[in-house]
């Protein structure tokens, strides 16, 4: 998709009511399972059109945090405050389709929504082109690669015309080239469409170029800041040395 066509196609730019800067604020969030604290003292603010990445080790609470924001986990303390009239799309870390459901990419993309959601055909066409899945629309979902599946799920998120997209380890199944393509796409939709993105990762080197803000957690926040600043943080080096080395 050319730069010129990207500039012209802005069908799913959204405007939120009563938003100055933040589309999401998390204040003093804590979460426990079976009396074991998973998250504690989490404070996060996400501005319109920003990409905020949660960096941390496996088992450090990243997925639990995403589930709280997505409304899946309810048993937390603290506050999760959204802008008025916000629309949210969620892309989980693990997604699978039963082998008993042989459906095409196109069918999945167009039919796996609530009947209440009005789908805009111009938005659908634009999303398919932007994400680059036009060539696999007639393929069976079970036959596409893991990387293509992630692009399909991203397209599915975008068709809902969200203001905030939650991505849990979205590139874990991709090779380096597919990762670069995915990050280019989310950078495009964040800046040109003013869609905010909250995503998780355990790979610091690949998320630095596309992130506006990085928050390092291991059950609680150890350090946070803009990419250039976070790389200089001594705490990051001490706590997350294995991730810096990647």
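The backbone N, Cα and C atoms fix where each Cβ goes, and this holds for glycine too.
Here is what Swiss-Prot says about this protein:
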type: BINDING; residues: 56, 57, 58, 59, 60, 61, 62, 63; note: ATP binding site
type: DOMAIN; residues: 24-244; note: domain 'ABC transporter'
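Around residue 63 (ATP binding site), the same-chain residues at least 6 positions away in sequence with a Cβ under 8 Å from its Cβ are 93, 168, 169, 200.
In this model, the domain 'ABC transporter' (24-244) carries an average pLDDT of 87. Same-chain residues with CB within 8 A of the center of the 56, 57, 58, 59, 60, 61, 62, 63 CB atoms, the ATP site residues themselves not counted, are 64, 200, 202, 217, 218.
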